[in-house]
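Here is what TrEMBL says about this protein:
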{"type": "SIGNAL", "residues": "1-18", "note": "signal peptide"}
{"type": "REGION", "residues": "24-61", "note": "region 'Disordered'"}
{"type": "COMPBIAS", "residues": "25-39", "note": "compositional bias 'Pro residues'"}
{"type": "DOMAIN", "residues": "74-309", "note": "domain 'Sulfotransferase'"}
{"type": "BINDING", "residues": "Lys83, Gly84, Gly85, Thr86, Arg87, Arg164, Ser172, Lys289, Gly290, Arg291, Thr292, His293", "note": "3'-phosphoadenylyl sulfate binding site"}
{"type": "ACT_SITE", "residues": "Lys83", "note": "active site, for sulfotransferase activity"}
{"type": "DISULFID", "residues": "Cys272-Cys284", "note": "disulfide bond"}
Amino acid sequence: MLFLWLYMFYSCAGSCAGLAARGSPAPPRAAPPLPPLLPGEPGEENSLEEQRAAPDAGSPISSFFNGSGTKRLPQAIIIGVKKGGTRALLEFLRVHPDVRAVGAEPHFFDRNYERGLAWYRDLMPKTLEGQITMEKTPSYFVTKEAPARISSMSKGTKLIVVVRDPVTRAISDYTQTLSKKPDIPTFESLTFKNRTTGLIDTSWSAIQIGIYAKHLENWLLYFPIGQILFVSGERLISDPAGELGRVQDFLGLKRIITDKHFYFNKTKGFPCLKKAEGSSKPHCLGKTKGRTHPNIDQEVVQRLRDFYRPFNMKFYQMTGQDFGWD
C-alpha cells in the first residue's frame, strides 16, 4: 500500500502542479467565524451562508476532503400537527438519500427564536449539493408567530402539514398526556366548559389544535397554498408509499421510497420500515407510538364530531382535499 501511494505521488507531481497553476481549487480551509444572524432578518441567511461555506463546499471533491458538506437552513419543514403522524413521516423520509433531517424537534420558531438563525443552522445536519435539509416541529402550525418568522428566514420554504381526524387526534393527544400524568381529569370533563349545555372548551389545547382551518388562515397570510403540502395521517398508515410519493414529488425528489420499503406491523397497527436509515434491520416507531386509547363516551365523541364538522368543511375547501373525516 505504501508503495502504491508513493507511486501515485510521484506520478502526479508534474501534472498536479500544472493543474494548481491553472487555478484548480485547493483543499478547503476552515471558514472564518461569522457574527450571529439577527432573528427574522430577510434574505440575510443567503449571503452569510455563502460566506460560511468554503469554496466548492457542496462539491463531491470538497466533501471528500472535509468529510461532511455544509450546514444549511432547512428548505422544507414539517410544521404540524401534533399526534398527526409527523414522526412517522420524518422517519420514512430519512430513508431517501437526498433528505437530511434533524432527529430532535428544534422548536426554533416557537421557543428558541431569540437564539438567532446561526444557532438554528448549527443544529442542522451537513448536506451535499442537491440534498434537502429538513426539520419537524409540530407545534409550529398552531404558533401565531411561526408563519412570519419562517417567511422572514426564507419565503421559499416548503411546508408540510400532517393532519388527522381532529377527534381521533384529540383523544391521542389526551392519551399521551395521560401516560405522563395519570391523575389528570377525564377526557370528557376536559372537553366541555359545561357538559349540560354541550359547550366545547376550545381553550383546551387538545381541542384547539384540531381547528385546522383557523390555524391555516394564519399561514396563508405569509405563504401561498401551493407551498404547503397536506398529508393525510390516515393514508400515511393505510398507504404509506402513496403518501410518500406525494411528498417526494412536492420536494422535487426522485420517487425512491416505494412499497418495497414498508411492511405492516399488526401488533402496533401501523406500517414500519423494512430498513431504517443507516441500518439493515427492520424499524418501527417506539413504544410511545400506537398507544391504546382509553374508552371515551360515544356521546362525547359525537358532540366533538358535530363541533368540528363546519371547521373540517372549511378546511377541505381551503386545501382542495376531502380527508373524509365525517
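Yeah, the Cβs are placed from backbone N, Cα and C, and that goes for glycine too.
Here the features listed in TrEMBL are painted onto the structure.
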{"residue": "Lys83", "record": "3'-phosphoadenylyl sulfate binding site", "Cβ within 10 Å": "23"}
{"residue": "Gly85", "record": "3'-phosphoadenylyl sulfate binding site", "Cβ within 10 Å": "28"}
{"residue": "Arg87", "record": "3'-phosphoadenylyl sulfate binding site", "Cβ within 10 Å": "19"}
{"residue": "Ser172", "record": "3'-phosphoadenylyl sulfate binding site", "Cβ within 10 Å": "22"}
{"residue": "Cys272", "record": "disulfide bond", "Cβ within 10 Å": "20"}
{"residue": "Cys284", "record": "disulfide bond", "Cβ within 10 Å": "18"}
{"residue": "Thr292", "record": "3'-phosphoadenylyl sulfate binding site", "Cβ within 10 Å": "7"}
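Distance between Cα atoms for Arg87 (3'-phosphoadenylyl sulfate binding site) and Cys272 (disulfide bond): 12 Å, as a whole number. Per Cα geometry, Gly85 is the residue among the binding-site residues Gly85, Ser172, Thr292 nearest to Cys284 (disulfide bond).
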